[in-house]
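A.B. asks: Take a look at the following structure, please.
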Amino acid sequence: MKEIRIEANGKLGPINAAEIPRYAGAATYARLPRLDQVQQADLKIVGVPFDSGVSYRPGARFGANHIRESSRLIRPYNPAVDLSPFEHIQVADAGDMAVNPFNINEAIETVQQNALDLTADGSKLLTLGGDHTIALPLLRAASERAGEPVALLHFDAHLDTWDTYFGAEYTHGTPFRRAVEEGILDTEAISHVGTRGPLYGKKDLEDDRRFGFGIVTSSDVYYQGVTEVVDKLRQRIGNRPLYVSIDIDVLDPAHAPGTGTPEAGGITSRELLEILRGLRGMNLVGADIVEVAPAYDHAEITGVAGSHVAYDLISLFADQARLANETAAGSGA
Ligand SMILES: N=C(N)NCCCC(=O)O
Ligand SMILES: [Zn+2]
Ligand SMILES: [Zn+2]
């Protein structure tokens, strides 16, 4: 059937829900065009159906498509930041990477190579996982594109700086330790947000601090509030190239039951969205949303959370473009 899309400023936007009911047709993120339907994209949304790195419940391989399905209700204007993101940048859904479920090392290579290929034209990536293992190759690609180690905001119940599981170095509990070892993170500007829950021992925290991570726990968000937390994060990171990795289990299981390693006492989806909105104007170079496992979801609670988190991340990318265009216009360029 013919697609009727919203178009503005030369950007091809979502299928118009006033013309074609939003539940009709195959799902792309927010009913945006596929990458092959646009000339060029500033931001590509790509799925990584991979969960061979999990330590508990499997199923995040279905996460990207679940987020896509749960994103049909997304509307084009984001009032929280007064922006129609899809009018400022061309966003397109690049589909899924074909990763080997039986060979983690090969899967990691594939994600890294695909991320480099997708960004060769200067575009940016928003990746939908997949388990957290994939953050390592995505960070490798992001730091290569940035030409320097990147700052990291890591939203997660977990540290994911553990060493090995069953002798395996590449798992969803270890990507950020590997990333520090590989020198792809700017260790002056890395922080976890939303950390909570039982650890193996105090050494987990000591190791983590030694690697350079700051921690904003889920309790810190509660006691200090979003504004203070955002101020601290902005001070720590400044204008460095910033990668944002969001493990959906940063949210309380009430807000995101569909995930593999849930921990009680998490932040709310409102707090997460507000913290993200607080990052406006920062130098965001890439982002991911991982660990959505639909088999444990109910009523698309986790899918909707993931799709809205993606929307506010897209709004951050779009806001950067809006600011750059305004600056260029203001200087008469
Ligand atoms: N990255 C996520 N979601 N979880 C890591 C949990 C590691 C563990 O089982 O100890
Ligand atoms: Zn986690
Ligand atoms: Zn994680």
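Glycine is no exception: its Cβ is also placed from the backbone N, Cα and C atoms.
Caution: TrEMBL annotation is automatic and unverified by curators.
For reference, TrEMBL lists these features for the protein:
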type: BINDING; residues: HIS132, ASP156, HIS158, ASP160, ASP247, ASP249; note: Mn(2+) binding site
A.B. asks: My understanding is the cutoff is Cβ-Cβ under 8 Å with a sequence separation of 6 or more in the same chain; which residues meet that for ASP249 (Mn(2+) binding site)?
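C.D. replies: Result: ASP156, ALA157, HIS158, ALA256, THR259, GLY260, THR261, PRO262, GLU263, GLY266, GLU291.
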A.B. asks: Under a three-state reading of DSSP, tell me whether ASP247 (Mn(2+) binding site) is helix, strand or coil.
C.D. replies: strand
A.B. asks: Can you tell me the three-state DSSP label for ASP156 (Mn(2+) binding site)?
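C.D. replies: SS state of ASP156 (Mn(2+) binding site) = coil.
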A.B. asks: Under 8 Å Cβ to Cβ from ASP160 (Mn(2+) binding site), same chain, six or more residues apart: give me those in sequence order, or none if nothing qualifies.
C.D. replies: HIS132, ALA135, HIS154, HIS172, GLY173, THR174, PRO175, PHE176, ARG177, ASP247
A.B. asks: Among the binding-site residues listed here, HIS132, HIS158, whose Cβ has the fewest other Cβ atoms inside 10 Å?
C.D. replies: HIS158
A.B. asks: Taking each of the binding-site residues ASP156, ASP247 in turn and counting other Cβ atoms within 10 Å of its Cβ, which one has the fewest?
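C.D. replies: Taking ASP156, ASP247 as the binding-site residues, the minimal 10 Å Cβ count falls on ASP156.
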A.B. asks: For HIS132 (Mn(2+) binding site), name the DSSP secondary structure in the helix/strand/coil scheme.
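C.D. replies: It is helical.
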A.B. asks: With a radius of 8 angstroms around the mean position of the C-beta atoms of HIS132, ASP156, HIS158, ASP160, ASP247, ASP249, what other residues of the same chain does the Mn(2+) site pick up?
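C.D. replies: Nearby residues not in the site list: HIS154, ALA157, LEU159, HIS172, GLY173, VAL250, THR261, VAL290, GLU291.
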